[in-house]
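Marked as phosphate binding site by TrEMBL: SER20, ARG62, HIS63, SER95, ALA96, THR194. For MET193, ASP217, PHE218, ASP219, the entry in TrEMBL reads substrate binding site. The domain 'Nucleoside phosphorylase' annotation in TrEMBL covers 14-252. According to TrEMBL, the site 'Important for substrate specificity' annotation covers SER175, VAL230.
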Amino acid sequence: MSQTPSSETIEPVIGLIGGSGLYDIDGLEEREWRRVESPWGEPSDELLFGRLAGVRCVFLPRHGRGHRKPPSALNYRANIDVLKRAGVTEILSLSAVGSLNGDLPPGTFVIVDQFIDRTFARAKSFFETGCVAHVSVAHPVCPRLGDAAEEAARQIGLKYKRGGTYLVMEGPQFSTKAESELYRAWGCDVIGMTNMPEAKLAREAELCYATIAMVTDFDCWHPDHDHVTVDAVVKVMQANAEHAKALVRTVVPMLGRPRGPCPAGCDRALEYAVVTPAALRDPALVAKLDAVAGRVLGAA
């Protein structure tokens, strides 16, 4: 038996996942790096707890401080699990990407609304043999978070696009030109290596989730790709990181306002998703799912 999220007011806790170039968050008060344990293994790093404009925030550097972990080696399940254990209610993911769209030059921020998952070497679900669930990810991004991100981008004068499809590749190598052209033919806008299964796992954990994709360069389909220097890309990444910090400072107070249940139902994603009868569920797996799915499994 599940407990439907109450209609009472929720005090949001904002989770921030920083991608390449973002290993800390400026302006946090009461800041403290803390280790949070997960039954799913080691997360990328400790969590940085603090307050921004009075709003509780929890920051996780996706690749670890010092960029120690490549995309395929990240423990995506542990990352989402520790954020849920830390009390996070919504996640804003900040990710460096390449552009597959000539109208999205370096320096553009894309408020992504769709993904195509081409990864193949990652654990993609919390629900394994012993407790099966199927959540909907037809609309993987929370519109409320997207609205707030767009308003914040507009306020600070960012060059941005609302909506776009993010092609997630396995990496760590970049794509071939043939792959790049294929993904363009599919209608993809940006390409990166990290937002899947992150977005799917956030949905399983009943967390509101949105991605801000920060374009560093054009992918290899572009005729000028081979002439782009590493120095030029680094300069764009540094500028993007500063813009991302400004975006965070602006959007967090918006998202930190007291609210009711998510209008899109992100916080109720598991309501009818678990299909294994309670009597047949693996107790060990159910115990691991305490933070992620305790709302629907705890009373079973």
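Cβ atoms are placed via backbone N, Cα and C, with glycine included.
Caution: TrEMBL annotation is automatic and unverified by curators.
Surrounding the centroid of the Cβ atoms of SER20, ARG62, HIS63, SER95, ALA96, THR194, where the record places phosphate, the chain contributes additional residues within 8 Å, namely GLY18, GLY19, GLY21, LEU22, PRO71, LEU94, GLY192, MET193.
For the pair formed by ASP219 (substrate binding site) and THR194 (phosphate binding site), distance between Cα atoms is given as 16 Å, rounded to the nearest Å.
Annotation note: SER95 (phosphate binding site) sits in a strand segment as assigned by DSSP.
The binding-site residues listed here are ASP217, ASP219; among them, ASP219 has the most other Cβ atoms within 10 Å of its own Cβ. In three-state terms derived from DSSP, VAL230 (site 'Important for substrate specificity') belongs to a helical segment. Counting in whole angstrom, PHE218 (substrate binding site) lies 12 from ALA96 (phosphate binding site) by their C-alpha atoms.
Look at ASP217 (substrate binding site): DSSP puts it in a strand. When the recorded positions SER20, HIS63, VAL230 are screened for a Cα within 10 A of the Cα of MET193 (substrate binding site), none qualifies. The two recorded residues, SER175 (site 'Important for substrate specificity') and SER20 (phosphate binding site), have Cα atoms 18 Å apart.
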